[in-house]
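Student: According to TrEMBL, the protein has these features:
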type	residues	note
DOMAIN	73-539	domain 'Amidase'
ACT_SITE	Lys119	active site, charge relay system
BINDING	Leu168, Ser194, Val215, Gly216, Gly217, Ser218	substrate binding site
ACT_SITE	Ser194	active site, charge relay system
ACT_SITE	Ser218	active site, acyl-ester intermediate
Amino acid sequence: LLLRWRRRRALWRKVAEAQERQERSLVRMEAAARRFREQNPSVNVVSILSLPLPELSKKLRDGSLPLDHVFYAYVGKALQIATETNCITEFLQESETQLRKAKQMGKQGLLYGVPVSIKDSIDCQGHDSTLGFIKNLNKPAAEDSVVVQVLRRQGAIPFVKTNVPQSLISYDCKNLIFGQTCNPLLYTRSPGGSSGGEGALVGGGGSILGIGTDVGGSLRFPAAFCGICALKPTGNRLRYSMNALLWSLAVAAAVGPMAKDVESLALCLRALLSEDMFSLDSTVPPLPFNEEVYSSTKPLRIGYYETDFFTMPSPAMRRAVRETKQLLEEAGHTLVPFELTNVDYVIFNFCVRGMFADGGTSFVKKFKGEMEKGGMGLFFWLAKSPHWLKTVLSWISKPFVSWTPKESISRQLWDSTSTPLTTSAFPPQDFCHQFIAQWRKLNLDVMLCPMLGPALGIGYPGKLSVAVSYTMLYNALDFPAGVVPVTLVTDEDEEELKSYKGYYRDWWDRTLVKAFRGSVGMPVAVQCVALPWQEELCLRFMKEVETL
């Protein structure tokens, strides 16, 4: 007991030191922003912050807007949003040095002088990538990740790192080190996750461009919840180091941009899909941004569905798809119903079992020594229990419980913690080929899909992990998928929610209704999907939806 008490005290000391560093970062940001305002009282910060990224970057490159005016305008705004939402974990002090050097640079990249925020899990030299784990504190990265190196070569200035949930396995945003991040649009709502700090900062206007990651919707949830745009590319289109993750995945991890509009995402992708990326990482296919596809005006043949028949959409989600479909048809595009099947099979076999294919051993190992396990306490107890005990518990409970498909997933997750699986347990290629075959049969260009929303109340994502079905599908398939906000929750949506029962009328469905309630005025998005390696077509479709 004494040894355990001493160990916990040492962990709390590390947490306190990290929180002090976070506080010092915010103090430095405040001092820097105040000093700039005192020296430049005539600078119109509001007009700078109102510029969209393409226009801002053009003004920075042609010299009509000074770099320091833009940088410190965003430092000040980021500080305000961080104070309101707790989204920033660290101010990158070297950004001020990079700013001074950028003024003397001969070469000006596409993102010259643009302040960029970076998700905690993406390595920046000299800074921790904690993933919300105490054990990862005081272990600064030896070098920048490839995506950060490319950003710097393109002239961008990474200036803050942002908060994540512990382990990244959540679409909320809370950990024991830095605490809970709130939604900038409504503080009682989750900002989404795991790129929740990015969503809050970009959604609140404190960053014009954010870089996050996506394993099951980690870019798309924050974008949808905070009313911004995001793109999850094909897994290997932009390389993301798997070292930061907790397990070998049966789904593709991706790194991608978040911004207020689609054109900003396209500009970021142009900068990243450059010779800088291809020379730094030879595993990335040398496919530069295809301007012809992105700028095409040819009418599209678009598949669509309103539900995955696993998680019943909220009234606002269904309305968002229907209204977008109607606008697309009126604009001359062809909309074709797409029949979606076996989503529960995909979620379990490719995602859940893929994560815990070794019986949960590596997952539990990553949490060893941590003081908090989030909402996974029961799972940890099961994973560490002897095989005979899990078998007995499973056998005892079977006659007394009627399992819905969602409960079956939980039960099979229980069983999967006891026995390592072979790769034949989740054959993603077969499902992928069947999905593409239906896509080809309908001769589709892109797909319009629902996106979970509006933002759930804080704490609810941890209880509703099954609701990732709309996003996780496209990680399992490794299709590029983007999110575009299209509407706001209305009083009529809220009234319709009273009759929401869900498909299975189980505990998850009842909890989801509670999580949706009280959301009038919150944004609701749709997903735009294309086939693998067709990010430009996906962006072109997103731009069309955004414009309409």
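From the backbone N, Cα and C atoms, a Cβ is placed for every residue, glycine too.
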Student: Could you round the CA separation between Ser194 (substrate binding site) and Lys119 (active site, charge relay system) to a whole angstrom and send it over?
Tutor: 9
Student: Please report the distance from the Cα of Ser218 (substrate binding site) to the Cα of Lys119 (active site, charge relay system), rounded to the nearest angstrom.
Tutor: 11
Student: Among Leu168, Ser194, Val215, Gly216, Gly217, Ser218, which the record lists as binding substrate, how far apart in Å are the two most distant Cα atoms?
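Tutor: Farthest-apart Cα atoms in Leu168, Ser194, Val215, Gly216, Gly217, Ser218 are separated by 11 Å.
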Student: Just counting, how many other CB atoms are there within 10 A of the CB of Ser218 (substrate binding site)?
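Tutor: There are 34 of them.
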Student: Hey, how far is Lys119 (active site, charge relay system) from Val215 (substrate binding site), Cα to Cα, in Å?
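Tutor: Between the alpha carbons of Lys119 (active site, charge relay system) and Val215 (substrate binding site) there are 14 Å.
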Student: Excluding Leu168, Ser194, Val215, Gly216, Gly217, Ser218, please set out which residues of the same chain place their CB within 8 Å of the center of the CB atoms of the substrate site, keeping sequence order.
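Tutor: Apart from Leu168, Ser194, Val215, Gly216, Gly217, Ser218, the close residues are Ile169, Ser170, Tyr171, Gly193, Ser195, Thr213, Asp214, Leu219, Phe221.
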Student: Quick check on the binding-site residues Gly216, Gly217: which one has the highest count of other Cβ atoms within 10 Å of its Cβ?
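Tutor: Top count of Cβ atoms within 10 Å goes to Gly217.
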